[in-house]
Amino acid sequence: MQAEAADWFSSMPFQKHVYYPLASGPEGPDVAVAAAAAGAASMACAPPSAASGPLPFFQFRPRLESVDWRRLSAIDVDKVAGAVDVLTLQENIMNITFCKLEDEKCPHCQSGVDPVLLKLIRLAQFTIEYLLHSQEFLTSQLHTLEERLRLSHCDGEQSKKLLTKQAGEIKTLKEECKRRKKMISTQQLMIEAKANYYQCHFCDKAFMNQAFLQSHIQRRHTEENSHFEYQKNAQIEKLRSEIVVLKEELQLTRSELEAAHHASAVRFSKEYEMQKTKEEDFLKLFDRWKEEEKEKLVDEMEKVKEMFMKEFKELTSKNSALEYQLSEIQKSNMQIKSNIGTLKDAHEFKEDRSPYPQDFHNVMQLLDSQESKWTARVQAIHQEHKKEKGRLLSHIEKLRTSMIDDLNASNVFYKKRIEELGQRLQEQNELIITQRQQIKDFTCNPLNSISEPKGNPLAWQAFESQPAAPAVPMNAPALHTLETKSSLPMVHEQAFSSHILEPIEELSEEEKGRENEQKLNNNKMHLRKALKSNSSLTKGLRTMVEQNLMEKLETLGINADIRGISSDQLHRVLKSVESERHKQEREIPNFHQIREFLEHQVSCKIEEKALLSSDQCSVSQMDTLSTGEVPKMIQLPSKNRQLIRQKAVSTDRTSVPKIKKNVMEDPFPRKSSTITTPPFSSEEEQEDDDLIRAYASPGPLPVPPPQNKGSFGKNTVKSDADGTEGSEIEDTDDSPKPAGVAVKTPTEKVEKMFPHRKNVNKPVGGTNVPEMFIKKEELQELKCADVEDEDWDISSLEEEISLGKKSGKEQKEPPPAKNEPHFAHVLNAWGAFNPKGPKGEGLQENESSTLKSSLVTVTDWSDTSDV
């Protein structure tokens, strides 16, 4: 009970600490107690807001009743507590709650009630009154809930009735749906079958087969059936006639359609062909337009690139000018700061101060703003330039790759072409070799019939052992002329005996090997001539060589458009080339042998060229000495004259076959150098005539003027073709000029003549003239070795022209004569061709430039000869 009472008190509906009691109902205390119990039970599960209607204002009632002491004394409290007698409490609750105890006094002492006890009793009365009010409220709530429950029960009953009714309706609807579904399925079957059901013409019925329909008609439509049959037959006949007409029309329309279809097919084919041709023309135009646009784009890009480069150069120049101006301004500022005068007082300094400081500040701000603006603009231009440069570089790289592909394709074509031409050249070379062999057989026959020269061998030895006397200058005095007159005939006899009286020797093994090498050189020269005759092939080879060189340089990290590289990069490239060379040495077993063989070939060619040039120099020197050393008339005895004539004729006859052999073996004579005079000029013919008259007639001989250095340069640099042609012409014209032919001996004889004289009669302080000319001709031969390769090397030719002009200018003045004794004349004879001070320096410079130009010339010569 205590727990129930606690729950009951805890669930009382307080509203803002104010309770609103309801009016007491007419029920008695029993009903109230039952209602209180029911209310307590319902409040345990219902929320306080479940009460409906406004809550009345609660207020405690005044205590006006007196205490019924007799009834109270009659109640046994222990019994009520033990039996839980609620009814007794209900009977006395009103008297206890609303009695007034303030006026009550003790019957014995007549004293009033203790105030604390009175307070306790009053609180208990208030509590009971509140509990009564709560009981009334709960009872009213219970009544409302019961009413609502009753209404809900009524609604439930009605809902049940409605559910049963709807269930019946649903059942009937399901049956109707099943029936209609079956009907729809049958109709669908009939619609799908089409001819499987038969519709009655007189009613709406349909049947699954014809028998059912006939039975239906006979049973239901007997009279109508006969009339229908008649109509049906008439309709059938009408339909048949219409069908025949329609078939004819169909046949006619079919033929017309076929003709129209054929015509349309022909028209479509023609239109398709026209459209195809138009598309092809359009594609060609489009490709052409695309190429034109590409070319325009490339041109525009080049123009834009040039414009940007110009702007960049202008900006750089402006920037450098501004930097220079800034540096000048800074220097001037430093000078102004350093040139401060004497110190002044404060008032003087204020007086001297500028009256416009604000303007200066504004100008400085304006300059700063302009500088920032220009720097920003320059940075923007730099960024745009970098972007444009990157785009152009990418486009250039694409174009370069495409060009490399095209060049590779053209290289393959040219390689095949070169192989074909090489085969043809090989066949022609074989034919030429056979013809040369036949010519050699024809020319070798006269060598076997040559007889030994007539004369006394002791006289040859005497002539050869005596040294040659030096030349006498033109302006020497008469005394020296008389002293040397007796020795002049002997000198000239010795000079001509050295040319005429040497015996003819057979060809040695070295000369035979040299002839074989000359044949190979002639074959290679024929190849070079064939390449020169076909200029397009030479240009193609040149482009191929340039392309290969560019590719090799690019593989080594050197671009083609670079003008120079640093030393570090050069060392790196040389290291890479050296490593590649070592790699090739490891891959090729006979690498060193091949290299030595090639070096030997090149050195042999250079030596051969040098020997040929030295031979020409020796012949020219002997011509010069023979014409320049005869100062007076010479009276030769008749015996000596006859001996000279005999030896000249025999020597000329013996030397002709070898010269002719050389001429016939060289079908492609070399071009003469640009600094030489044409062969057989009028001056040389005049000199030869003078020599012939001097040595053939006993009369007086006029002294010719001394040859200057310019004429010597002309005579010393003659080609092989000049020498061979001169030999042939002089051989044909043998009888009128025997002595003149004897002067031009073979070059091998002159070369053999100089070594045994080189250290015999050379005076102290003199210069060996033949050795000097041999060295000089070696240098000149390096220059003129590849004159025929003009397409490959133009720079060396230009240097030769300039060198020839310079040497011609320097060598125009004749050597000055001196009135000295005979020993001085000997020194002058040996040092006649020794250049002096400034001329020697010019010669050295010419030699260095010649050597520099000959480096390229020799390499080109070796490359073209190996092709």
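Note: Cβ is positioned from N, Cα and C throughout, glycine not excepted.
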- Message: I'm validating the feature mapping. Which of 30-53, 78-101, 198-221 is tagged zinc finger in Swiss-Prot?
- Response: 198-221
- Message: Using Cβ atoms and a strict cutoff of less than 8 Å, what residues sit near the zinc finger (198-221) while being 6 or more residues removed from its termini?
- Response: 190, 228
- Task: Take the Cβ of Ser226 (phosphoserine) and count every other Cβ within 10 Å, whichever protein chain it belongs to.
- Result: 10
- Note on the structure: In this predicted model, the region 'Required for interaction with DAZ1' (154-278) has a mean pLDDT of 88
- Task: Could you put numbers on the helix, strand and coil content of the region 'Required for interaction with DAZ1' (154-278), residue by residue per DSSP?
- Result: 108 helix, 4 strand, 13 coil
